[in-house]
Amino acid sequence: MKANYLDELNEQQREAVIHINGPLMIVAGAGSGKTKVLTTRIAHLMRNGVDAFNILSLTFTNKAAREMKERVEKILGGSEARNLYIGTFHSVFARLLRAEAHRLGYPNDFTIYDTDDAKSVLKTIINELNLDDKHYKPNFVYNRISAAKNSLMGPEEYQVDNLVQQEDMRANRPLIGKIYDMYAKRTFKNGAMDFDDLLFKMYVLLKTFPEVLHKYQHKFKYIMIDEYQDTNPAQYEIIKLLGAVNENICVVGDDAQSIYSFRGATIENILQFEKDYDDVKVVKLEQNYRSTKSILNVANEVIAHNKGQIEKNLWTDNTEGDTIKLVRTQTDNEEGKFVADTIAEQKLRNHYDNRDFVILYRTNAQSRSFEESLRRKAIPYRIYGGLSFYQRKEIKDFVAYLRITMNTRDEESLKRIINYPVRGIGKTTIEKTIVFSNDHNITMWEVLERAGEFGFKGGTLEAIDGFVTMIRSFQALLTKHNAYDVAVMVGKSTNIVKELFNDKTTEGLARYENVQELLNSIKEFTETPDEEGELLDKSMGSYLQQITLLTDADQGNNEDSDVVKLMTIHAAKGLEFPVVFTVGLEETLFPSGMSINTREELEEERRLFYVAITRAKARLWLTHANSRYRFGNLVQNEPSRFLEEMPEKFIDRSYAGGGSVRNAFGGGNTSGWSNSNNMFDRVQKKTPAQQTQSATPRPAPKPVSSAATTHVPTVGFTPDDPAGMEPGMQVEHQKFGFGTITAMEGAPNNRIATIVFPKGGGEKKIMLNYAKLRIINK
DNA sequence: TTAGGGCGGGATGAC
DNA sequence: CCCGCCCTAA
């Protein structure tokens, strides 16, 4: 261990680090060395005799957890750090629940439903209740339920709570409580927890089982929580329970950076911390080591427009630095082009690498214009967020097999793959299965296992039995093989990998590669030693649990690759970059049109802006466009109100024309980004009116329908039994006329013939069970 | 049973 | 523009 680790801290930082026992609140301004304090404090605790096994550290992202562990290891110079319990709230609780879930009636290998899974369950329930899902939008219902769970309100309470019921009445959606109740029962039946359950059920567990609470209270003698301003009531109560005996709770946060109220976070947690415990030690970290004076001054001035903050005075010793550049462009495309051009120019002029730049936006949908412009200039980039890897269809399909293998109660996964790849278990069969499972109060899987008893017959029964046998064969592998071997078997037996491999379209290729990447990630999981201290758990269950909780930002396997990064401001929390572009600073976009109706919402948008500004170390560009495409058509936007809240002194509004579009570099219009041709093209091409008024004549009727009128079936046309049809035969089709069978595919009970009709539109794929064909000769 | 086209309705953020 | 749903043809 480095002996001098305390010397590297300023006075306030040191004060925080050496406070070992009793509640501690660290108010850490942006860039004030918060992570350094947290990691040093952990090291200090350990140096003063605290066992690593007794320290719990909760972070906001898995990536932050990983970094923290590495930094502690560096200070300590040993391997003791691997025994620390560090992770996000969700991942830590998921692990604890994996050991305890049986007490609540869940399988320990419960499935974790992501947001999409949860909404899919909701949609099913809404349809079952014969409600209109346009009115009871799954998204809306999900948010209501999520909010309830985050304030520890179960379905029973929800349905009798006056305030909540009034809200639902006023929103004209009185049945949300009923849906919540069914949702809770359904997910329980499925052996599944959603993200909010990981907190809610953790709380229930600790409340219901004193011996469990006792166990963890004594295990986690020291608790540290990062980003405390973004915790919700459920997290708050859990921490209160866990910390009740020792009260060695250290929270770190910055009320000015609270940006997750939509997830139930309440700023009250940090504002009230001092009142929750006696003798709370409060330390304020006010020296910023990250940004230039210009940047920090602008940030301070902006956030001063909010009311009711913890008083603090963030300052810096850094140089004044460059002014903040404010840039206005005509369109979103030009905004993209401007940013790409500026990145290219800055790389030359100030010797930056790609990795020094980040583009921050309010919504994921804004990434497009930047992607295009960066690609055009051959600047490598990576987008964080948006559809995460594990949300892609092909990945979810594959993972569904793994999930159902681990937990046959998981109905969402079962429905996903029961007929993928096609095996002749169609909609009718699935619906029957659901009805039986509801009637007999058993799982769908149990119905399938006893399909014969429920009257399934013939080909359907065979298909079901085959499916059940296959899943059982995967389950049999679980005891003797690791997650990777099982996954490879799944890929082979189901034919998924082969099927994707044979799809030679661009998307098919990408899907194949994604599945390969999934397999690689499973392999990596099984081969790298577990850092989390506990038992080495390389099981499939452990793997599945962690991937659902992975953020896109956590997939930083090529962390040091030299690329420009694109992400939302939310995703940028905790990060810093030499050069920051904050884009789309327009009314209705930033601040979001959804968040301008109350002071609270607007203040959160402003804090978000504050977070964006304070990511920058040296240079900051703020851009906005006069108009941009939304829903496919051009809309005008006013500049963001936040732009008026900045001190003129540090702002350069003349940069790139100060409101008009002009090239800033080298005078000429050489790069062409201010040229509006691009937009004009787009309008011309994409306006529907242009297409309908096109001078070209109406397209000729489709060949299919013209063929239908030309062929007159032979007198007395009677279709033959398709069972006897084979490649090489001549056949007659009612509409397409005479043709030759050239190939045959599909399952025996659902064969698809490829037939060439010389006069009937060429090659066609015909499903023999439905099309009427007459055999001419063999 | 299922694939593909036409059509209407929809965008905040994310463990 | 993009996704999901419904309808129709095979």
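Cβ atoms are placed via backbone N, Cα and C, with glycine included.
Pulled from TrEMBL:
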- A:ALA28, A:GLY29, A:ALA30, A:GLY31, A:SER32, A:GLY33, A:LYS34, A:THR35: ATP binding site (BINDING)
- A:687-696: compositional bias 'Polar residues' (COMPBIAS)
- A:7-292: domain 'UvrD-like helicase ATP-binding' (DOMAIN)
- A:293-574: domain 'UvrD-like helicase C-terminal' (DOMAIN)
- A:684-728: region 'Disordered' (REGION)
Check: same-chain CB within 8 A of ATP site center, minus A:ALA28, A:GLY29, A:ALA30, A:GLY31, A:SER32, A:GLY33, A:LYS34, A:THR35: A:VAL37, A:ASP254, A:LEU285, A:ASN288, A:TYR289, A:ARG290
Once near-sequence residues are set aside, which residues in the chain of A:ALA30 (ATP binding site), 6 or more away, have Cβ atoms under 8 Å from its Cβ? A:ASP254, A:ALA256, A:GLN257, A:ASN288, A:ARG290, A:SER291, A:ALA299, A:LEU314, A:TYR610, A:VAL611, A:THR614
Using DSSP and collapsing to three states, where does A:THR35 (ATP binding site) fall: helix, strand or coil? helix
Cβ neighbour count within 10 Å of A:ALA28 (ATP binding site): 29
Same-chain residues at least 6 apart in sequence whose Cβ lies under 8 Å from A:THR35 (ATP binding site): A:ALA64, A:GLU67, A:MET68, A:ARG71, A:GLY574
Would you count the other CB atoms within 10 A of the CB of A:LYS34 (ATP binding site), including those on all shown protein chains? 22
Does anything in the same chain, at least 6 positions from A:SER32 (ATP binding site), have a Cβ under 8 Å from its Cβ, and if so what? A:LEU285, A:GLU286, A:GLN287, A:ASN288, A:TYR289, A:LEU314
Taking the Cβ of each of the binding-site residues and counting other Cβ atoms inside 10 Å, which one has the highest number: A:GLY29, A:GLY33? A:GLY29
Non-local Cβ contacts of A:GLY31 (ATP binding site) (under 8 Å, 6 or more apart, same chain)? A:ASN288, A:TYR289, A:ARG290, A:SER291, A:THR316, A:GLU576, A:THR614
I'd like to know the mean pLDDT over the domain 'UvrD-like helicase ATP-binding' (A:7-292). 94
